[in-house]
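Peer 1: My questions will all concern the structure given below.
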């Protein structure tokens, strides 16, 4: 019993000592990477990513209407069109990159820092948009993953989305 308590305390200390505001453990990122990989095994994975990305972004725009203005240059009015489809794929590819780098923290930090800078220079992008995007993912992923592990995904996605939105003021 004491041994289990010490292990739990040790894990808590590691999580609290981490420089990030999350604790995506090695086991968490292994679970997330495995489950994420299941989604993209199909030979038509780019089409699936585009469709999934469009669903996420149109849901985001529906839930936070001011997001529509941010996506005007990628033609959100024509969500099935090539410009918006390409943007949806870029976003899913960015998320794919981050998930695949979970086991390489220095590379992950560099990639997320780059994405943070890209969003920092876009006027109107807010931390709340990333929070809502995470919520949408958290409700959508269980619908497509049989063994969805909510705690692992929450731990890892929070770190990813927090880092990307870290340079935003609002």
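Note that Cβ sites are derived from N, Cα and C of the backbone, with glycine treated the same way.
Swiss-Prot lists 119 with the feature heme b binding site. Residues or ranges marked as disulfide bond by Swiss-Prot: 24-156. Among the features that Swiss-Prot reports, domain 'Globin' is placed at 23-169, with the record citing sequence analysis. Annotation source Swiss-Prot lists signal peptide at 1-17.
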Peer 1: Rounded to a whole number, how many Å is the Cα of residue 119 (heme b binding site) away from the Cα of residue 156 (disulfide bond)?
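Peer 2: Residue 156 (disulfide bond) has its Cα 20 Å from the Cα of residue 119 (heme b binding site).
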Peer 1: Helix, strand, coil: count each for the residues of the domain 'Globin' (23-169), based on DSSP.
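Peer 2: Helix (H, G, I), strand (E, B), coil: 111 helix, 0 strand, 36 coil.
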Peer 1: Averaged over the domain 'Globin' (23-169), what pLDDT does the predicted model reach?
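Peer 2: Reported value for the domain 'Globin' (23-169) is a mean pLDDT of 94.
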